[in-house]
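Have a look at the structure below, then the notes.
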Amino acid sequence: MQTLSTPSTTATEFDTVIHRRPTRSVRVGDIWIGSRHPVVVQSMINEDTLDIDGSVAAIRRLHEIGCEIVRVTVPSLGHAKAVGDIKKKLQDTYRDVPLVADVHHNGMKIALEVAKHVDKVRINPGLYVFEKPDPNRQGYTPEEFERIGKQIRDTLEPLVTSLREQDKAMRIGVNHGSLAERMLFTYGDTPEGMVESALEFLRLCEEMDFRNLVISMKASRAPVMMAAYRLMAKRMDDLGMDYPLHLGVTEAGDGDYGRIKSTVGIGTLLAEGIGDTIRVSLTEAPENEIPVCYSILQALGLRKTMVEYVACPSCGRTLFNLEEVLHKVRAATNHLVGLDIAVMGCIVNGPGEMADADYGYVGKTPGTIALYRGRDEIKRVPEEQGVEELINLIKADGRWVEPEPIA
């Protein structure tokens, strides 16, 4: 079965193909973000950027398992300079990996330094020009808005100039928890405030003829995050803007719930055609984020990077230990990227429900299983020979490759 359906040109109400929102292409190193390219997987290392060797090792670990863009934190000028050493060591000992630098409080000098060394700079509009909260303030006048807007432009312009001259990119990364005080006074702690915060910086960048931009609207609550991205996409469409969106639920936590929370937010938006690059943020080792990203993309048919297994949940009709057999089949075949393999417990629903699979393993009678190629039954074999005979069938079709040896 081919889960990556050929895109159709006309969306229908019940279309099974995801029609991505058209967005421009933005280059980050050798990776392109935008609707004409696969949805990109990102993560962020935990290491202190001053630890050159540790950071290089962490970036390499992520990249080797499929992380296409890696973010590092740069809280000081010293950290920003260290990124140059990290980039060089990666190039000398491994390969050039697309890097993003995270810049926050009063970050102009830091951003200007790190822009020399990375492929994209992420700034937070709520913190880039920090407004110290005033407990006595009742609101902002138009004159104050204009003054702060000029201050933002003056602070942003050197970075925009640097990135534009180097043909590098910027992410305008809004966080729900760090909106500027004037946005909170004007729009409240709302998706509208998040969107206006991003649009303010977008307009400034466009005034400076800089459009290598990616936008994110992250929040720790999935409903807030989804509302912000939907509104951002609508506002950009209304304004004729086509910037790619970086999706993520920030501070999602760990374990099953962290994964579910991220999948709900990211997967829902992707299913609506919104989103061009994703990060699943877990309070775990960053390496644990990557399989979740690829699983979301595969489940939606947006990227196929693993075997697609179809298996029933088991019931009283099941003629063998379904869970055990599925594990055996997976262990033997999970390196055959691109295949769809079904493991079904009985003949009642098995053939119909697995009809789109490339190969099927179905309980036929007690102690006997049937092997299928597509919809066609090929042979019946004793259960104990089932996995071996499945492999032989795949080999006979010329679709088998030997697994890579474990290092």
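Cβ coordinates are placed from backbone N, Cα and C, and glycine is handled just like the others.
Marked as [4Fe-4S] cluster binding site by Swiss-Prot: Cys312, Cys315, Cys346, Glu353. The Cβ of Glu353 ([4Fe-4S] cluster binding site) has Val310, Cys312, Ala342, Met344 as same-chain neighbours under 8 Å, each 6 or more residues away in sequence.
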Long-range Cβ list for Cys315 ([4Fe-4S] cluster binding site), cut-off under 8 Å, min separation 6+ in sequence, same chain only, gives Gly345
Using a 10 Å radius around its CB, how many other CB atoms surround Cys312 ([4Fe-4S] cluster binding site)? 21
If you draw a 10 Å sphere on the Cβ of Cys346 ([4Fe-4S] cluster binding site), how many other Cβ atoms land inside? 19
Per DSSP, three-state class assigned to Glu353 ([4Fe-4S] cluster binding site): helix
